[in-house]
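Notes follow once the structure below has been shown.
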Amino acid sequence: MAHASSRDILVQHYDSDTATLDVSGSEYEDLEMGLPSRSRGFFFMVTLAMGFGGLQLVFAVQWSYGSAYLTSLGLSKMMLGVAWIGGPLSGVFIQPLIGAASDRCRSPWGRRKPFIAAGGAIVTLSLLCLAWCRELLQGSIGIFLQHPSADFVDNITVPVAIFLFYLLNFGIQPLQSGLRALVVDSCPIHLQEKSTAYAGLSTSIGSIVGYIAGFIDLPQYLPLFDPLSDYADASRYPSFVLLLYAATSFISGLILYRLVQHYGLQSGFGDESKFFRLRLSLKGIWLVSNVFCAACMLSTPFLITTRGVTIVVCLLGIPWSITIWVPFALIGIETSRLRQTAALGLDTCSAHDRTGTILAVHSAAIALPQIIATMGASLIFWVMGDQGVTWVIACGGLAALVAAWMTLGVSESRGELREEAYHLGVL
């Protein structure tokens with residue numbers, strides 16, 4: 001790329017007052033939300049991130065109560081594993097299809113909103129049916145049989161519950177994919193870190209609300225509910241630990257985002273800023289978080305008290321806050337960079353128009369190791385018995401070390417256009 005032509009283009013399109021590229025009249029004027037980039041303020045970011053809180057609320061209820069509730073419906077341990085594997089399977093096979101379909105969607109609502117609406121409807125319906133699965137089946141069977149036996153109802157409840165659990169996981173895919181792609185589509189490159197950070201904070205808030213709901217003794221305050229069964233009462237205490245974990249994730253995510261904003265985005269290009277940029281860049285934070293996660297997980301075989309386990313679980317909220325922020329920020333930054341360069345005619349690559357597919361590939365890269373981890377955990381439990389829990393977590397620590405090593409190969413493209421403008425003398 002010749003410097004003369006590049007400089008002319010950058011001078012024409014770069015707004016030095018806002019430190020962003022001015023692409024008025026280009027694709028940015030016709031984004032999913034239909035707003036120019038300068039109108040993307042606090043209210044817009046909060047609105048864009050709210051869906052993640054609702055989605056995480058579903059995850060929190062599913063994770064804290066899913067196994068106990070399915071067991072109460074009569075599912076064996078083997079069938080419980082069959083039910084839970086539906087999430088990773090849908091992430092590997094369903095979400096890539098959803099992502100590609102949303103990229104090609106030309107609905108008047110936009111490319112992402114129809115999938116978000118459809119996914120939200122499926123999730124809502126499946127949760128409601130799953131919550132009253134046995135009662136709905138008893139009522140439906142009672143239409144045809146006057147006095148169905150309890151064993152007959154139980155035998156039907158198990159496959160229906162598994163089907164609804166799979167339907168829930170399948171409904172999550174278009175909702176999650178659409179929300180993630182909407183963030184990337186709706187924000188220019190200089191707002192990708194901010195928008196994904198808001199999404200991460202909203203995710204943590206959703207977790208907090210979900211685990212609070214799981215911890216509170218609802219029948220005590222709402223007499224319309226039946227008294228807590230033994231499985232529900234036992235599930236409240238893990239929900240409290242997960243509540244502490246979610247609170248730690250929210251606080252650490254907020255602090256780390258402010259640190260990156262102060263030392264990363266506001267630092268200049270001089271040598272004096274390299275110290276902070278090296279340690280507080282997205283890549284640097286992600287690398288350190290993986291190492292920290294590995295240290296916490298590898299310590300579990302040496303924990304002998306409940307308090308120690310609780311502390312480690314809470315500390316794991318710190319790397320989790322980074323996991324739900326940094327990878328998506330890097331993907332969003334790269335996709336937005338391609339979109340900007342394409343809008344300026346500097347790049348003819350079409351990857352900027354395949355945001356849904358790119359994010360779906362990332363989702364599959366998350367879900368596939370989950371399937372492998374599930375099979376590996378089953379093998380460890382078969383060999384170690386009840387002592388296998390700590391060793392499964394420790395093996396997860398080894399995987400975190402591998403992730404840290406792989407993070408070293410991640411390149412940050414944030415600010416490439418801005419730095420080129422600086423070197424060309426535009427700034």
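Any Cβ shown, glycine's included, is placed from N, Cα and C.
Proximity of distant same-chain residues to the transmembrane segment (42-63), defined by a Cβ-Cβ separation under 8 Å and at least 6 residues beyond the stretch ends, is recorded for 33, 35, 116, 120, 123, 127, 168, 172, 175-176, 179, 182-183, 186-187, 191, 194-195, 198-207, 209-211, 213-214, 242, 246. Annotation source TrEMBL lists transmembrane segment at 42-63 (among others).
Residues or ranges marked as transmembrane segment in TrEMBL: 75-94 (among others). Counting residues 6+ beyond its ends, the transmembrane segment (75-94) has Cβ neighbours under 8 Å at 66-67, 158, 161-162, 165-166, 169-170, 172-173, 363-364, 366-368, 370-371, 374, 378 in the same chain.
The transmembrane segment annotation in TrEMBL covers 115-137 (among others). With a threshold of 8 Å between CB atoms, the same-chain residues lying at least 6 positions outside the transmembrane segment (115-137) that come near it are 51, 54, 58, 61, 73, 98, 101-102, 105, 109, 153, 156-157, 160-161, 164-165, 167-168, 170-179, 182.
Within the chain, the transmembrane segment (157-175) has long-range Cβ neighbours (under 8 A, six or more residues past its boundaries) at 51, 55, 58, 62, 66, 70, 73-75, 79, 82-84, 86-87, 89-91, 94-95, 98, 102, 115-116, 118-123, 125-127, 129-130, 133-134, 137, 363. Positions annotated as transmembrane segment by TrEMBL: 157-175 (among others).
The transmembrane segment annotation in TrEMBL covers 196-216 (among others).
For the transmembrane segment (236-257), same-chain residues at least 6 beyond its ends with a Cβ under 8 Å from one of its own Cβ atoms are 60, 63-65, 193, 197, 200-201, 204-205, 207-208, 210-212, 214-217, 228, 285, 310, 313-318, 320-322, 324-325. Residues annotated as transmembrane segment in TrEMBL: 236-257 (among others).
Under the heading transmembrane segment, TrEMBL lists 284-304 (among others).
For the transmembrane segment (310-331), the list of distant contacts is 180, 183-184, 192-193, 196-197, 199-200, 203-204, 241-242, 244-250, 252-253, 256-257, 282-283, 285-286, 289-290, 292-293, 296-297, 299-300, 303, 358-359, 362, 400, 410, 412, 414: same-chain residues at least six beyond its ends, Cβ to Cβ under 8 Å. The transmembrane segment annotation in TrEMBL covers 310-331 (among others).
What TrEMBL lists as transmembrane segment is 359-383 (among others). Residues 81, 84-85, 87-92, 95-100, 173, 176-177, 180-181, 184, 327-328, 331, 391-392, 395-396, 399 of the same chain sit 6 or more residues outside the transmembrane segment (359-383) yet have a Cβ under 8 Å from a Cβ within it.
As annotated by TrEMBL, transmembrane segment applies to 389-408 (among others).
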Notebook entry, point to check: Mind checking which residues reach the transmembrane segment (196-216)? Cβ under 8 Å, same chain, six or more beyond either end.
Noted result: 45-46, 48-61, 64-65, 179-180, 183, 235-236, 239-240, 242-243, 245-247, 249-250, 253-254, 257, 321, 324-326, 328-329, 332
